[in-house]
Amino acid sequence: MTNADPHELQKFSDLAHRWWDPNAEFKPLHDLNPVRLGWIDAHAHLAGKRALDIGCGGGILSESMAGLGAQVKGIDLSTEALGVADLHSLESGISVDYEAIAAEAIAAREPGTYDVVTCMEMLEHVPSPGDVVAACATLVKPGGWVFFSTLNRNLKSYLFAVIGAEYIAQMLPKGTHDYARFIRPSELAGFVRATDLHIVEIKGITYHPIGKRFALSNDTDINYLVACRRGA
């Protein structure tokens, strides 16, 4: 059984044609991308590395990593989003290999294959996030890096990420997030501890409304990033 929620898949498939419009529904991802890309590259030094982007959607992060010299494969279960990703790759001239396959399925097929595995803004959209974390641990080479980003579960994150971002500021479409699926850092750390990954760094992401920009911070109350490494 695929670890996916049909409602979540349909939600993002319906918006697939908007992935690369920097002023549409995925504007927050476009604004966030330079921050997360720089953080990933600072740890993993992407040039020349083989990278897998799980839950790649329309390919915003996948293309960015390829642009830094990584050999990138992007996977997603939304064929509509992957169609947009393929088309944009042709238009940009940045080569990325896209495939419609679940993380668990590719982990069974390609264990220990990738230097870098990214799973960004995806765990909070699947029924069993721990299974995805385990798949990431299987996919990465010994000594390789795995990166996660997700949303903390607390009153502050509900007020800012759901009420504020979706209903007041309308930065995201209503219904983008299901608060019950937000993941506390301690819960994600538990998933990681069940694998042979170890956590290297946890960073928060803060949004500055005046400058309309995201920045790394030590505040993990809302959005946060986790860098993990597999034992050599």
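Glycine is no exception: its Cβ is also placed from the backbone N, Cα and C atoms.
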Per Swiss-Prot, member of ASP14, ASP21, ASP76 binding S-adenosyl-L-methionine alongside ARG36, GLY55, MET120: ASP76
Packing count at ASP76 (S-adenosyl-L-methionine binding site) (other Cβ atoms within 10 Å of its Cβ): 29
